[in-house]
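Heads up, the thing below is written out as structure tokens.
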Amino acid sequence: MVRRDRLRRMREWWVQVGLLAVPLLAAYLHIPPPQLSPALHSWKSSGKFFTYKGLRIFYQDSVGVVGSPEIVVLLHGFPTSSYDWYKIWEGLTLRFHRVIALDFLGFGFSDKPRPHHYSIFEQASIVEALLRHLGLQNRRINLLSHDYGDIVAQELLYRYKQNRSGRLTIKSLCLSNGGIFPETHRPLLLQKLLKDGGVLSPILTRLMNFFVFSRGLTPVFGPYTRPSESELWDMWAGIRNNDGNLVIDSLLQYINQRKKFRRRWVGALASVTIPIHFIYGPLDPVNPYPEFLELYRKTLPRSTVSILDDHISHYPQLEDPMGFLNAYMGFINSF
């Protein structure tokens with residue numbers, strides 16, 4: 001009798017916990033995205049949108065040096081946005097006539113459809129469509145990329161080499177801290193859990209919050225160059241815009257695509273004839289030193305490399321903007 005009473009009380013307790021948890025969970029899942037900071041709001045307001053197959057794509061397009069024919073297109077990394085380039089933006093406008101960056105589909109202020117099969121191929125096609133939209137499809141383009149953007153740049157380079165219809169005419173390519181080799185790439189734990197699209201993926205993406213995001217992203221920065229809390233909130237606001245946290249697992253399919261299409265994308269780099277450069281933050285846990293750099297130099301012996309200070313990690317353009325900009329300008333002015 002005593003045991004039955006105890007079991008009954010336990011059941012009642014769990015029912016009460018469940019009744020309390022349901023509205024709390026519902027409230028958690030409907031937390032609105034954070035307000036944009038003044039700086040991020042200004043970035044959005046100064047940008048524009050164009051439409052690609054019914055989807056809105058955000059981009060920035062600044063006119064810099066008058067009379068210069070030079071154009072640079074910036075390709076951002078995962079899981080952030082074109083705002084990653086804001087620290088070097090003004091410096092680029094002092095060298096280039098046009099400085100252009102976009103938020104890839106599923107990132108930043110661009111649309112984030114779901115369900116959707118996100119792919120590197122589609123992102124490359126969006127870059128090509130943007131330049132057609134701007135009337136620059138026949139101009140020679142300098143590509144500057146980071147992380148995820150490096151893989152998109154590899155596909156654009158492949159199309160350029162194959163003389164594909166609609167492809168960009170690439171003048172130069174500068175990569176930075178991207179996992180261009182599947183065998184030396186070390187994805188974070190959450191990326192490993194989400195990239196295979198298992199039963200946990202929709203749960204984890206819905207439960208992701210600022211705390212989880214910031215604790216996951218901060219370790220890929222150097223110990224002296226980690227972002228402030230306000231900078232992390234700007235990154236998180238870009239992800240949460242249009243419920244972007246719910247498509248992270250779909251976007252991460254690029255890890256599997258990179259392995260599947262290694263020959264295509266690494267082959268495009270290995271046989272490159274245009275000027276190519278790599279800017280490297282050597283403390284990067286995602287593309288670790290020295291394994292990554294050894295393979296890069298072996299695969300691309302013609303490429304030049306800039307290694308930044310020892311404490312610079314995975315986001316060199318944010319951690320050491322002046323060092324990054326100087327390295328890039330040194331490359332651009334070398335040919």
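In case you wondered, yes, glycine gets a Cβ from its N, Cα and C as well.
From the options 98-103, 266-271, 326-331, the stretch Swiss-Prot describes as motif 'RVIALD' is 98-103. Regional average pLDDT for the domain 'AB hydrolase-1' (71-310) in the model is 94.
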